[in-house]
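Let me begin by presenting the structure, written as structure tokens, before commenting on it.
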Amino acid sequence: MAKAYLQGVEISATQFLDIWHHYDNDGNGYIEGKELQNFIKELQQARKQAGLELTEAMKAFVEKYGQNADAQIGMVELVQILPTDENFLLFFRQQLKSCAEFMQAWRRYDADHSGYIEADELKSFLRDLLQKAKKSYDDKKLEEYTQTTLKMFDSNNDGKLCLAEMARLLPDQENFLLKFQNVKMPAKEFNKIFELYDQDGNGYMDENELDALLKDLCEKNKKVLDINNIATYKITIMALSDGGKLYRTELALVLCADEN
């Protein structure tokens, strides 16, 4: 069925998801290697069978990746070349331009501070984005967008999105959480670290305490974190804070590994 969708003049969000899962055989979040070469070949065949020319974006894509056996693409690269319904994913990106803005949105819509955005919270988030962009929608379209977003990013199928899953909406260069994936620590270690850097023991970190922690993390993880980006890291993480007070649960979203 996914191959047939490639012949479409316009692809719905649900069809896009089917195409993605069909070609991301191993479910690692990328279409790469043989998967990518198969996609390129079948895209060309499908367009030809439908009597459609490759678009300029498709031609550029084929030229860039067609002969590169080691290449990989994420969802955003795919959505940029397929005629998707209102450019579903790109629309999110236009509304959430920076990681700090994304973090502020996360804090607003994780209304119960559970550390997850559940289906009803996600629907509120999407509704507000659509209204902000002055895009028309009905309840059926909103429900489709909600369920498609869940299916795209809910990697462990628990029916809700954690911060790292939701952050896949961001461009890789904006998604500093990708870097912090490599410095996450077990809960026991995280709690010790938090207590060490919460120097006055008031139960939260302020900017100065976070700054000290980030400097030490950068020093310890030079291959992953860039000490020159501390200001950006700090602004982004503090976007999760409550009026400049960064509590343990908020910092845990970034630094504590999920042990479930």
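Note that the numbers count up from 1, one per residue, in the order the chain is shown.
Cβ coordinates come from backbone N, Cα and C, glycine included.
The domain 'EF-hand' annotation in TrEMBL covers 11-46 (among others). Predicted-model confidence for the domain 'EF-hand' (11-46) is 88, expressed as mean pLDDT.
Taken residue by residue, the domain 'EF-hand' (97-132) breaks down under DSSP into 25 helix, 3 strand, 8 coil. What TrEMBL lists as domain 'EF-hand' is 97-132 (among others).
Here TrEMBL flags 141-176 (among others) as domain 'EF-hand'. Panel annotation: around the domain 'EF-hand' (141-176), residues 12-14, 16-17, 20, 29, 74-76, 88-89, 92-93, 96-99, 102, 106, 115-119, 122-123, 126-127, 130, 229, 232-233, 236, 253-254, 258 of the same chain, lying at least six beyond its termini, place a Cβ under 8 Å from a Cβ of the stretch.
Annotation source TrEMBL lists domain 'EF-hand' at 185-220 (among others).
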